[in-house]
Structure formats: structure tokens, C-alpha cells
Amino acid sequence: MVDSTQFISGAIAQTGRIAGLHARLMLIPPYRWLANLRPLPIGRTLLFALILFFAAWSLPGLWPLWLVLAILLAGVAVTGRGAVIALPYAWLLAFFLSPFLIVLKISFAEIASAIPPYTPLFEILWDMEIEEAYLSVKLNIYNYLFLLEDDLYINSYLSSLQIASVSTFLTLLVGYPIAYGMVRAPVQYRTMLLMMVILPFWTSFLIRVYAWIGILKKEGLLNLALMSTGIIDEPLTILNTDTAVYIGIIYSYLPFMVLPLYATLEKMDESLLEAAADLGCHPLKAFWVVTLPLSLPGIVAGCFLVFIPAVGEFVIPDLLGGSETIMIGKTLWAEFFNNRDWPVSSAVAVILLLLLIVPIVAFQRMQENNAKKEA
Amino acid sequence: MMTAIPSGNNRQTTVEAWKDPSQEPYIRLENVTKKFGDFTAVDNISLDIFKSEFFSLLGPSGCGKTTLLRMLAGFEQPTSGRILLDGEDMSKVPPYLRPVNMMFQSYALFPHMNVEKNIAFGLKQDGVPSPEIKTRVDEVISMVQLEQFAKRKPHQLSGGQRQRVALARSLVKKPKMLLLDEPLGALDKKLRTRTQFELMNIQEETGITFVIVTHDQEEAMTVSSRIAVMDHGRIIQTATPTEIYEVPNSRYVANFLGEVNIFEGRVAENARDHVLIQSQEAGCTIRADHGIDAADGATVWVAVRPEKMYINLEAPDDPNTNCMTGQVWDIGYLGNLSIYHIKLDSGTMVTMARTNKERVVERKITWDDRVYVTWAPDAGVVLLS
């Protein structure tokens with residue numbers, strides 16, 4: 001914040017109506033006091049917000065107090081520059097952190113025949129005899145232990161990670177040449193090619209996966225085409241196998257691989273390849289020593305964008321995979337809708353999230369360290 | 001910055017190789033044309049460049065000089081014509097097999113490699129054993145004085161340092177010909193001037209044939225053994241910097257290099273040793289001390305450099321001296337020079353320069369003075385086009 005005297009003295013004439021008003025108001029002590037208040041740093045704002053969130057959650061009855069506190073907090077934190085930075089945090093807080101906390105909460109509950117079907121974590125117990133109230137907190141960690149007890153969960157996690165890694169790698173193999181071809185295409189076609197990559201999104205994801213059933217089934221388009229051209233005599237069994245799941249994932253997530261790759265490759269200076277050639281490097285080798293290392297950020301981004309949703313994928317293994325295709329998304333679905341065991345399915349979800357977040361954070365740390373080493 | 005090199009006579013031995021008919025050209029362009037669709041970027045250029053020359057391609061942007069350079073590097077194929085390097089036809093040789101290296105305008109340093117690795121890249125491609133790579137890289141790194149920066153990546157270097165890395169990278173393979181595409185374009189003026197001299201020193205030291213593309217006439221004048229002035233895909237004149245400046249062959253060349261006053265006129269008398277030109281623009285008959293290849297009455301142009309003109313308050317004694325009258329319109333004081341703009345009685349504006357040998361405390365000639373602008377008969381050049 002700028003020193004108030006600066007505003008009062010000189011600036012009124014030059015800085016327009018709002019600033020002039022501001023300068024006049026600065027003469028009034030409460031306004032001056034508020035205006036000179038420093039905006040709260042993001043970290044502390046988040047901390048306060050979290051405390052507020054937990055407080056409001058455990059004692060929702062006092063909601064007007066929480067509301068006022070929240071508005072005050074926002075008022076202090078959101079001052080100009082702060083607002084710009086706060087927006088993404090607020091978004092994450094509202095749509096990522098709070099749902100996660102709810103899931104986390106359910107994962108520590110016990111299954112119950114109630115609506116919702118789990119026991120509450122916090123309860124205010126009223127002791128009639130001595131007329132005292134207790135806050136009872138009951139954390140049930142059995143849900144997590146249960147995941148270790150039954151092979152199904154560990155197998156689901158491992159099989160999901162395996163299917164996701166393999167299909168991410170395959171998507172990279174398919175996506176890289178596409179992105180590379182787009183970048184090398186004449187400028188006037190590039191927008192059109194980009195549109196064509198994005199075009200499938202205009203149809204529902206579900207419908208597109210269903211369409212693959214029509215292509216991959218025994219009497220489907222693929223088998224029909226292969227048999228009529230005489231390449232095979234017997235129809236191939238692709239549908240309801242892991243192969244169909246791979247095809248489905250590669251097809252569905254290809255744009256998420258192509259777009260970041262395209263973005264990095266497009267930024268690459270073409271004169272670097274000319275320089276490599278000039279220094280005696282064959283174009284094929286130049287791809288390995290120049291293009292590939294320089295597109296690494298795009299490869300990493302694309303792989304993350306494909307791998308992360310692929311691990312938790314439900315629709316594709318459910319529609320295209322067979323009964324032996326186990327993926328954590330399917331297991332979670334069964335746990336939630338068939339067994340109606342919200343606490344265990346929440347524990348499955350929490351572990352899945354941790355499995356994905358830990359490597360991402362580790363990777364980010366590594367990159368930061370590398371950047372530090374260079375500087 | 002660069003290690004001082006005893007001003008070798010290297011240049012002397014190579015100088016004027018183009019005048020010696022027994023000398024074989026090192027690089028020969030035969031009727032080279034390059035078309036992009038309908039656009040002719042390079043138009044039927046034939047050119048000989050000799051070993052250890054520092055040759056400049058000078059011209060405004062879009063004149064085809066970079067295209068010509070890229071054809072020498074192998075990035076573009078001539079639409080027609082041949083390029084010979086050391087007697088060998090280069091037309092079918094891809095860039096990665098040419099004994100030619102280029103220093104790119106953007107430097108094109110590999111951002112993921114440090115200085116050392118950038119420089120070693122070319123040697124590695126040739127399968128040079130690693131101890132030799134080490135010594136050769138160290139050698140050029142010390143030549144361009146980048147020892148402390150060897151482990152840095154390009155983004156951690158300043159523009160001038162990057163320029164040195166690019167130069168070192170293209171020098172380390174000891175190419176038969178080094179191509180430089182606007183090598184100093186991104187540097188500020190002081191650094192550019194200093195680097196020009198360093199480039200000349202390196203060229204003399206290594207004896208490599210340099211071909212440089214530039215749009216900066218001062219740079220071309222400073223570094224080159226010869227300059228080819230280009231316009232619209234053609235070479236207008238190829239000559240030494242002195243010849244280009246003193247004896248331009250056309251108004252285009254005269255205008256492109258430095259300031260010049262040009263007077264249009266008609267040939268009145270054409271003798272072996274002199275020519276008289278009736279010029280309305282100059283408001284007098286101009287005498288030039290050399291014969292020209294033009295008929296009486298033909299339209300010609302006389303070019304006179306501003307520094308070759310004199311300004312006087314009295315008329316000259318010598319009747320042969322060219323003399324025009326006018327009024328001082330404007331004076332620009334540049335410190336070392338003063339620029340006078342003089343409006344002649346004919347209405348033409350003339351620019352002339354005077355060195356400020358004495359401190360200018362009180363000007364003898366000032367605004368609105370009536371003056372005589374004179375120049376010697378051997379100071380101007382008669383141009384036919």
C-alpha cells in the first residue's frame with residue numbers, strides 16, 4: 001500500500017475521479033485505516049480459509065458467523081492483485097479441495113443403513129444425566145486396512161497403472177507423428193488440422209466409445225473389412241479384451257497428447273534443425289539429438305494428461321473391456337453402486353488420488369531442483 | 001576483447017586475387033537463379049570468390065542476399081545454375097555433407113546443450129575422437145574468450161556471448177567456407193564495431209574464406225576484402241570497399257553506400273581526359289576528369305560525396321573547379337562533423353560535410369549566408385545509370 005500522505009498532497013488533480021475520491025476519503029480515519037491494511041498473503045489466507053471451513057463444517061449451526069468471517073477474509077485477501085492470484089486458488093478450493101475433504105471424511109466413516117449410508121464422523125453427544133455435551137470424533141481406519149486385505153484392490157490398482165502406462169506410451173507413439181506432421185504442414189492447413197484433432201470432442205464421449213463396439217465386435221466393421229479383403233478367415237476377438245481397452249484409451253485421449261506436443265513443437269526454432277544439418281548431422285539423427293529433447297516438456301505434459309485420467313478410467317474398460325479386465329475405476333463403481341459401501345469406495349478413491357499425486361509432486365520437485373542447479 | 005594478433009600480412013597476400021588471372025576462384029557461382037513460385041529471389045548471378053577472402057553480400061532486405069547464402073550452405077537448391085566449391089559441384093551435396101559452416105542470424109544455438117556441447121556438436125557428428133574434440137573446443141573457446149562460460153546454457157548468456165558461441169561453433173570444424181548471416185545484427189552499435197574488428201582478426205588468423213550477408217553498409221566497408229552490392233536478386237557491382245565508395249557504377253550503389261549528391265545532366269563535351277556536363281539541377285556546367293562511354297546529349301548523373309565538397313564565401317580562382325551558388329539552409333552539428341544543407345539557386349538541395357578540425361565557437365559560415373559550393377573535377381563520378 002502506498003503511503004497515504006502521498007495521495008492527500010499532490011495526486012488529486014492528476015489521477016482522475018476515482019483516485020480523487022480515494023484521496024478525499026483518505027482524510028477520514030476509518031477509511032484510511034482500511035485502505036492502508038496490507039492484503040493478506042495467499043498462504044495465510046488459505047490457512048484462515050481452511051480453519052474457517054473446518055469450523056463451519058463441524059459447527060454448521062453457526063453459519064451466519066462463518067459467512068461474515070468468510071466475507072471479511074475475502075475482503076482482506078482480495079485487493080486488486082490478490083484477487084487475480086486468489087481466483088485459481090478459490091476454484092481449486094471450491095471444486096477440488098472441498099470435494100476431496102468430503103471424500104476423505106467418508107473414507108473414515110463406517111457403513112450404515114442410513115441416508116447417506118455411513119456414520120457421521122463428528123457427533124455432539126448430549127449426556128442427559130450430568131447435562132454436558134461432548135464432541136465425539138470417530139475415525140475408522142478399517143476401510144484402508146480392508147484394501148490391503150483383499151487382493152482385488154491391489155490387483156485393480158496395479159492393473160490400472162499397467163494399462164494406463166502402456167496406453168500412454170502407445171498414445172505417445174501415435175500422437176507424436178501426428179503433432180510433428182501438423183507442425184511441418186503448410187501454415188494455411190495448420191488451423192484446419194488442429195480443428196480436426198479437436199473435432200471428435202463435439203460428439204459425446206460415451207457415444208464415441210459405443211461406436212467402437214460396432215467397429216470391434218465379431219461381426220463389426222473391422223472384422224468385415226479384414227475378411228472381405230481376405231487378410232483373415234476367422235473373425236478376430238478384439239471386443240471385451242484388454243486390446244479393445246487400449247484402442248479405446250488411445251483413441252479417446254489422443255487429442256490430450258497431440259495438443260501439448262503440437263504446442264512445444266511449434267515453438268521450436270526450425271533454424272535449429274538447419275544448424276544441426278549444417279554441422280554435419282543427418283536429419284534423422286537430428287530428430288533424436290535436437291527435436292526430441294526439445295519437445296520433452298510437451299511429451300511430459302501429454303503423458304500426464306493421458307496417464308492420469310486413464311488410471312481412473314471407468315467407461316472404456318466397462319464398455320470395451322472383458323470381465324477379466326480389472327481397473328480401479330470399475331472396482332470403485334462396483335463398490336459404490338453394487339455394494340453401496342461408500343466408506344470403502346471413498347478409501348479406494350483417496351488411495352488412487354495419492355497414487356497419482358505423489359509421482360507428480362516428486363516430478364515437479366525434481367524439475368525445480370534441476371532449474372535451481374542450472375541457475 | 002580478442003587476443004591481439006600481430007597485424008599479419010595475410011590480407012596482403014590474398015588481396016587483389018581477383019585481379020590475377022592465374023588465380024583459380026575458390027567458390028564459383030555460374031548463372032545461379034532461384035525462384036520461389038513466380039518470385040525470382042536470385043536472378044542469374046555469376047560470381048567468383050577467392051580463397052581467404054572476406055566477401056560481403058550487401059543489399060536491402062529482400063534483395064536475395066540471404067537466399068544466395070542459403071544456397072551456398074545447401075538449405076536451398078538453385079532453380080538453375082551451378083555452385084562450385086574448390087572445383088567441386090555442390091548442387092547435389094546435402095547441407096550435412098558440405099565442408100561449409102554457417103553462423104545463423106538467430107545464432108540457432110541448441111538451447112538444451114551448454115556452450116561446450118554446442119561447440120562440440122559438429123565435431124561429434126564427424127566422429128572426431130573425444131580427446132581431440134576437447135582440445136579443439138577448448139581452443140576455439142579461448143579464441144572467442146568464453147572460458148568462464150563453457151558450462152552455461154545459451155539462455156544464461158548475453159546477446160554478445162551467444163554471438164561468440166555461434167561463431168565458435170561454426171569455426172571449430174575449420175570449414176572451407178564460413179557463411180555469416182547478419183552476424184552482428186542483434187548487437188548494439190559499440191559492441192558491433194568492436195566485434196567487426198574481432199571477426200577480421202579471426203578471419204586473418206584462420207585463413208578461412210568468409211562470406212557475410214549484411215544490410216549495414218558500414219559493416220560491409222569495415223570487414224570486407226570485396227563487396228557485392230545486390231538489388232532485386234541481381235548483383236549491381238562487385239568491388240573493393242574503396243572502389244564501391246569512390247567509383248560506384250550506378251546511382252543505386254552510390255546511394256546505398258553513404259551520403260551522396262547526385263546531379264542529372266546532359267553530356268555537352270566528351271573528350272578522352274575530361275567530360276563536360278550541362279546540369280540544370282546543379283545550375284552550372286560540371287567538369288569531370290575522366291572520359292565516359294556516352295554520346296553527346298545523353299543523360300548522365302554526376303555523383304559527389306558530401307565530404308568532397310567545399311563551402312566558401314568567395315568564388316574559387318581556378319576556372320576548372322566546379323562551382324555552384326546557394327544559400328545555407330540548415331546546419332547539423334554532429335560533434336566530429338558538421339552537416340550543411342545548402343539550397344542551390346537552381347532549387348536543388350545539396351548536402352555537404354565539414355570536419356570540425358577546430359572547435360566551433362564562432363561559425364564563419366552560418367544560416368542564410370550566400371555561399372559557393374565547390375568541388376574538384378576529380379572528386380565526382382559520372383554515372384550512366
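Each Cβ is built from the backbone N, Cα and C atoms, and glycine gets one as well.
According to TrEMBL, the feature domain 'ABC transmembrane type-1' maps to A:157-363.
The feature transmembrane segment is assigned by TrEMBL to A:42-59 (among others).
According to TrEMBL, the feature transmembrane segment maps to A:65-84 (among others).
The transmembrane segment annotation in TrEMBL covers A:91-115 (among others).
Annotated transmembrane segment per TrEMBL: A:157-180 (among others), in sequence order.
With a threshold of 8 Å between CB atoms, the same-chain residues lying at least 6 positions outside the transmembrane segment (A:192-213) that come near it are 178, 181-182, 185, 220, 239, 244, 247-248, 251-252, 254-255, 258-259, 262, 315-316, 319-320. According to TrEMBL, the feature transmembrane segment maps to A:192-213 (among others).
Residues or ranges marked as transmembrane segment in TrEMBL: A:244-265 (among others). If one looks beyond the transmembrane segment (A:244-265) by at least 6 residues along the same chain, the residues whose Cβ comes under 8 Å of a Cβ in the stretch are 163-164, 166-167, 170-172, 174-176, 178-180, 182-183, 194, 197-198, 200-201, 205, 208-209, 212, 216, 238, 291, 294-295, 297-299, 301-303, 305-306, 309-310, 313, 316-317, 319-322, 325, 327.
Residues or ranges marked as transmembrane segment by TrEMBL: A:286-311 (among others). Within the chain carrying the transmembrane segment (A:286-311), a Cβ under 8 angstroms from the stretch's Cβ atoms is held by residues 160-161, 163-165, 167-168, 171-172, 175-176, 179-180, 249, 253, 256-265, 268, 272-273, 276-277, 328, 352, 355-356, 360, 363, all 6 or more beyond its ends.
Listed by sequence, the residues of this chain that lie at least six past the ends of the transmembrane segment (A:342-363) yet keep a Cβ under 8 A from its Cβ atoms are 100, 103-104, 106-111, 116-118, 140, 143-144, 146-147, 153, 157, 161, 300, 304, 308, 311-312, 328, 331-332, 335-336. Residues annotated as transmembrane segment in TrEMBL: A:342-363 (among others).
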